[in-house]
Amino acid sequence: MSNKYVIAIDQGTTSSRAIVFDHAGEVVSVGQKEHEQIFPAAGWVEHNPIEIWDNVREVIGTALAKENLTRHDIEVVGITNQRETTVVWDKHTGEPVYNAIVWQDTRTQDIVDALSAEGGIERYKDRVGLPLATYFAGTKIKWILENVDGARERAEAGDLLFGTTDTWVLWNLTGGPEGGVHTTDVTNASRTLFMNLETLQWDEQILADFGVPASMLPAIKSSSEVYGTVASNQLLREVPVAGILGDQQAATFGQAAFGAGTAKNTYGTGCFLIFNTGQEIVSSSNGLITTLAYKLGDAAPVYALEGSIAVAGSLVQWLRDNIGMIASAPEIEELASHVEDNGGVYIVPAFSGLFAPYWRSDARGAIVGLTRFADKHHIARAALESTAFQTREVLDAVNADAEVPLTELKVDGGMVANEHLMQFQADILGVPVVRPKVTETTALGAAYAAGLAVGFWKDLGELEANWSEDKRWEPVMGAEERERSLRLWKKAVTRTFDWVDEDTKA
Ligand SMILES: Nc1ncnc2c1ncn2[C@@H]1O[C@H](COP(=O)(O)OP(=O)(O)O)[C@@H](O)[C@H]1O
Ligand SMILES: O=P(O)(O)OC[C@H](O)CO
């Protein structure tokens, strides 16, 4: 081992981070910068890809500078990313043809409706593991081709490239128009609606149905191999880039959830529970999606079931930015602690419809159970509780699909700093919730994938040994109370259905 460290780039929904890790998996240095959330219309969410790339370069510089590191201290680069968020750009100039359309964006509902007219939303589920939904990248590519002037012609002429933000960062990092590597990994490819889960190749028939030219799509590689080296005009020049994992899969890897039957739940902008099913492709009968967990070089792929929850920490952001109820996200904990319970208030944050296990794009957010008694403390509490209830519903789905119930849940992500939420989560699940010492599991997972490819770490056993428990919350709520509040939550969920119709679209 010539160099001491691995750097991971975590291109997330709210910010980009660069984190330097040592061989023990400990954080050595962090650079982080938020980017603008652009909301051009109700249901539309965009990011500026140029801002994202500028921020990625800046946070790499910050992380190195803080500890006086240079590229010579860094063995390898790993990339992890918000998944599904779609960038289309000109391969000759590197100019995006449109802003990045973010995973939460619901503008492609008409495309989903048209495609599902034949075969319903599960039309492609057997092949790709996903229902047709606005969430996935394929619908967003189609929207860009149909709505950006000249995009279809340029794509058909072979001038445009598509990528999720892993690919956008990799292409720019490795030279952009001058030889940039146009590649993604199996985990990101599995979020497009275009990758066949068995062959791990793009499905030509689905591409034809969507009208998307194959020439736009990146090569699909494993999650852990050398894709290229950083270009000569970058700070990390000549360092190999050797790991890519979508952020939720990266967190699974960083939590050392390697065996079939292991799981983790990440509480960030959204909340995503991933359950490792090993080499088996399990099709859910309970509203989960089937996805890739990871693939290490030439080894067989590892699959997973996933419960995707669109809104978790972003509800806290919404209370901060749109309502002005709090000045910072952590303040919600103090506010919620003023009351013993939610006062009968439930918030169902169906801002982008509801993802797992409902997949109801016609749902929109609701606050129910309001009386003159309810105040901001109850609202704060209900906001936090909504994340815990949504997690309970996806855990129930996992347990129903897997038949062997999970006996504890490993957690990570920005919201797990919230002790109140973690206790309530254990109460509502009825199983312990366990937080590891390193909660930057997303970046750690990408670092691990990259480090394994170049021998910085030798095997999964070495990574497992790095994992250690920080804190555990045991359930204390009685079963009757748990089931009563769950019934009320489910009643609240039904109140959000059927909201989107011709009137709301007008
Ligand atoms: N103490 C807290 N209590 C509740 N929510 C929090 C707290 N701290 C951060 N958050 C929420 O966590 C999210 C940030 O988590 P992070 O894992 O960085 O997200 P992402 O990777 O999606 O960008 C934000 O949505 C924020 O509102
Ligand atoms: O940026 P995060 O952590 O909210 O993750 C976003 C997911 O990858 C979306 O599928």
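Keep in mind that glycine also has a Cβ here, set from the backbone N, Cα and C atoms.
Since the structure is predicted, the reported quantities are computational estimates derived from the model, not experimental observations.
TrEMBL annotations:
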- 5-254: domain 'Carbohydrate kinase FGGY N-terminal' (DOMAIN)
- Thr13, Arg17, Thr269, Gly313, Gly414, Asn418: ADP binding site (BINDING)
- Thr13, Thr14, Ser15, Thr269, Gly313, Gln317, Gly414: ATP binding site (BINDING)
- Thr13, Arg83, Glu84, Tyr135, Asp247: sn-glycerol 3-phosphate binding site (BINDING)
- Arg83, Glu84, Tyr135, Asp247, Gln248: glycerol binding site (BINDING)
- 264-453: domain 'Carbohydrate kinase FGGY C-terminal' (DOMAIN)
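Note: the Cα of Gln317 (ATP binding site) and the Cα of Tyr135 (sn-glycerol 3-phosphate binding site) are spaced 20 Å from each other. Distance from the CA of Thr13 (ADP binding site) to the CA of Glu84 (sn-glycerol 3-phosphate binding site) is 11 Å. Excluding the listed site residues Thr13, Arg83, Glu84, Tyr135, Asp247, the same chain places Asn81, Gln82, Thr85, Val102, Trp103, Thr164, Arg191, Gly246, Gln248, Gly270 with Cβ atoms within 8 Å of the centre of the sn-glycerol 3-phosphate site Cβ atoms. Cα spacing between Arg83 (sn-glycerol 3-phosphate binding site) and Gln248 (glycerol binding site): 8 Å, rounded to the nearest whole number. With respect to ligand 2, the binding-site residues Thr13, Arg17, Gln248 contribute Thr13, Gln248 as residues with a C-beta closer than 6 angstroms to one of its atoms, given in sequence order. The sn-glycerol 3-phosphate site in the record is lined by Thr13, Arg83, Glu84, Tyr135, Asp247, and its two most distant CA atoms lie 15 Å apart.
Taking the mean position of the Cβ atoms of Arg83, Glu84, Tyr135, Asp247, Gln248 as the glycerol site, the remaining residues of that chain whose Cβ falls within 8 Å of it are Gln82, Thr85, Trp103, Arg191, Gly246, Phe272, Ser308. For Thr14 (ATP binding site), the nearest of the binding-site residues by C-alpha distance turns out to be Thr269; the candidates were Gln248, Thr269, Gly313, Asn418. Spacing of Thr269 (ADP binding site) relative to Ser15 (ATP binding site) is 10 Å (Cα to Cα, whole number). The sparsest Cβ neighbourhood within 10 Å, among the listed binding-site residues (Thr13, Thr14, Thr269), is found at Thr14. Most other Cβ atoms within 10 A: among the binding-site residues Arg17, Arg83, that distinction falls to Arg83.
Between the CA atoms of Arg17 (ADP binding site) and Tyr135 (sn-glycerol 3-phosphate binding site) there is a gap of 23 Å, rounded to the nearest whole number. Secondary structure at Gly414 (ADP binding site), as computed by DSSP, is helix. Residue annotation for glycerol gives Arg83, Glu84, Tyr135, Asp247, Gln248. The furthest Cα pair among them is separated by 15 Å.
Across the structure, Ser15 (ATP binding site) and Asp247 (sn-glycerol 3-phosphate binding site) are spaced 13 Å apart at their Cα atoms.
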